[in-house]
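Swiss-Prot has this to say about the protein:
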type    : residues : note
ZN_FING : 6-28     : zinc finger
ZN_FING : 34-56    : zinc finger
ZN_FING : 62-84    : zinc finger
ZN_FING : 90-112   : zinc finger
ZN_FING : 118-140  : zinc finger
ZN_FING : 146-168  : zinc finger
ZN_FING : 174-196  : zinc finger
ZN_FING : 202-224  : zinc finger
ZN_FING : 230-252  : zinc finger
ZN_FING : 258-280  : zinc finger
ZN_FING : 286-308  : zinc finger
Amino acid sequence: TGGKSYTCTECGKGFIKKSRLVTHMKIHTGETHFICTECGKGFSQKGILQTHMKTHTGEKPFTCTECGKNFAQITTLLRHLTIHTGEKPFSCTECGKHFAHKGHLVSHMKTHTGEKPFTCTECGKHFAQKGHLVSHMKTHTGEKPFTCTECGKNFAQKTNLLCHLKIHTGEKPFTCTECGDKFAKKNNLLRHLKIHTGEKPFTCTECGKAFTLKGSLVGHMKIHTGEKPFSCTQCGKNFTQKNSLLCHLTMHTGEKPFTCTECGKGFALKGNLVLHTKIHTGEKPFSCTQCGKNFAQKNSLLRHLKIHTREKPFTYSECGKKYSQIVNLASHMKIH
């Protein structure tokens, strides 16, 4: 097709020259004639070995004219340039999604075919991409070759290290177009966007409650199972979720690492600081659909809604009196 008369019988890739097909076949056979003298890693092609050697020498001769970033390989530079141009020339014929790199399209296509040709020899788990298998294997070996130069923390994957580094640099390159919130990771932005869309694709099979995030559903399911795997070493109290344990631990340590830049007030939890800052900004993003009243916090809106629904879930066991808010119940209890 298109003048490529030599086709690989393994994957269907076409080549103009027979010699290139022969070289390509070594990928499938695993043949490695070219060995790195530094680390012993084997390669099927001399050119790939030469490129690999730059990881040891630190040589990065290819520079981006847009931002000045240096690269060891010209192909890596060309891929990087699409960040600046926004070019996405590779389209999925199934769903129309566009990609900057052909490799990303090939990987994406496996989501439609369900193909997972790479298998872990330790546990039998299957993967669509070889890179995912390589990363997964480190869970068995415990290997963490990527070290943060700032704090010394080790990571199994380079991408995890790069994400971690943003904690030190404060870099948040991903911005929500709806509200302007910034995020260090693209996945965090995608999760956040579901707040605006109201999308809740994860449903509890026990009670039907829907969740925006899979992790939230997993945490919720423990309510039904009664599972509380996270224990406080200080007092022995058990928790369903790790985050709940971490929040609880601040009671023992008294730690308040999150400080308001406006008034200096300290908070044990980042979420509480975020809510507090709305006092200074006057932001009230949560609106009552019944009367239009606005609130700074979602919990305040939920409490307010009980006025309209006349819901009174808090009952005093001594006299049977009901209240819509727990603070009102607490005030009443002082009378008795």
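The backbone N, Cα and C atoms fix where each Cβ goes, glycine too.
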Could you give the number of helix, strand and coil residues in the zinc finger (90-112) as assigned by DSSP? 11 helix, 4 strand, 8 coil
Please report, as numbers and ranges, the same-chain residues at least 6 past the borders of the zinc finger (90-112) whose CB is under 8 Å from any CB of it. 79, 82-83, 128-129
Do you know the mean pLDDT across the zinc finger (174-196)? 83
